[in-house]
Amino acid sequence: MASSVQNSRISSPGYCACCRTCNMWCWKGFKWLPVSFIVSIITWSYYAYVIQLCIFTIQSTVQQWIYLVLYHILLIMFVWSYWKTIFAEIEPIPEKYKLPEAELEKMLSAESEDSQRTILENFAKDLPIVTRTMSGSIRYCNRCVLVKPDRAHHCSICARCVLKMDHHCPWVNNCVCFHNYKFFMLFLGYALLYCLFVMATCLPYFIRLWKGDFGTATSSGRYHIIFAFFVSLMFAISLGSLFGYHCYLVVNNRTTLDMLINNRRLNTHGGSFIRIMLKNLVHEAFRAPMFRGGADKNGFSIGAFKNFKEVFGNSPNLWLVPVFTSLGDGCEYPVRREHQLQTFTSPQDTHGYESMGITRSSVEMARETERWRLCPRKGRTVPQIV
């Protein structure tokens, strides 16, 4: 009896490790289910449209070729964009934002929240960040142990901080962020065109089949055509609303999570120095990004066309092609004039933004940044630009 208990104790750690490994792989497999569902729908729609509609139902050879050529063009661009969105390489946050071991020890040993804020402020004073928490503190991630760049957020599903994170999309099993936002927009656009094209070209034959004029369509083929029409209609409605919403975000240079500002403050209890405060999530869900001068929902908006180019790049020839052309490095962004003296971007570091004409000389920036640092805390916190 004693030996069996001892054996169970010895095997217990290995058993727990095996369970954890099994759970990890099950979770990874589960996250691919939405993608598998989309792939299966695309595969079935190819059979329904190409085989049942174009080959077995349509009589005219010219019409068959026109439909097939247009269909395959849309399908290729749609699948290409979807592939790039899923498998885009999400680069990590640069090392300069990560808290060194010495600074982390200071944070852990700090006796008050103010001391922790001061440590973060001193570390982040030379980093190109302009946004703050609702309480005015540095945006800090205690999981990744780094100062968050502007518009970066921590993804609990990916377990990492992501640059210009919009949201984590289960349909692509990836974060929609700076590195694949253009691909995601093209995916939505081409998917919408794909559904509208299938719906429009299936509609005449759907009406004929609905009236009982089966023509050359087989018994199973007509059900595929009818189902293809309804499925494309359903997806076109949902994709249309989602694509329209993200077009609005692009034009106004916003992200879904730019509106979601989690109020965080420092804490020393239980060895943790960051306590997440989610006070009434419904009220917090649509707050604008917070700058030193206050909240501004249009703080990153620099004009509709410039906002568009920030995502799609300066080359019109590549706007509709799923290749990466977005401007910048994902860490620094142009801001409106009232927030510009908080930026640290120099002309040689604009990463393609110089064509937008909103960055300023390093001498002028250094002078005004120093003026801000010396500005008394009473009254306005940001001096006017003179």
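Glycine residues also receive a Cβ, built from the backbone N, Cα and C atoms like all the rest.
Residue counts for the domain 'Palmitoyltransferase DHHC' (138-260) under DSSP, split into helix (H, G, I), strand (E, B) and coil, are 66 helix, 16 strand, 41 coil. What TrEMBL lists as domain 'Palmitoyltransferase DHHC' is 138-260.
Among the features that TrEMBL reports, transmembrane segment is placed at 32-58 (among others).
Marked as transmembrane segment by TrEMBL: 64-83 (among others).
Summarising the annotation, TrEMBL assigns transmembrane segment to 183-207 (among others).
What TrEMBL lists as transmembrane segment is 227-251 (among others). Here the transmembrane segment (227-251) has Cβ contacts under 8 Å with residues 41, 45, 48-49, 53, 166, 184-185, 188-189, 191-192, 194-196, 198-199, 202-203, 206, 304, 307-308, 311 of the same chain, all six or more residues outside its ends.
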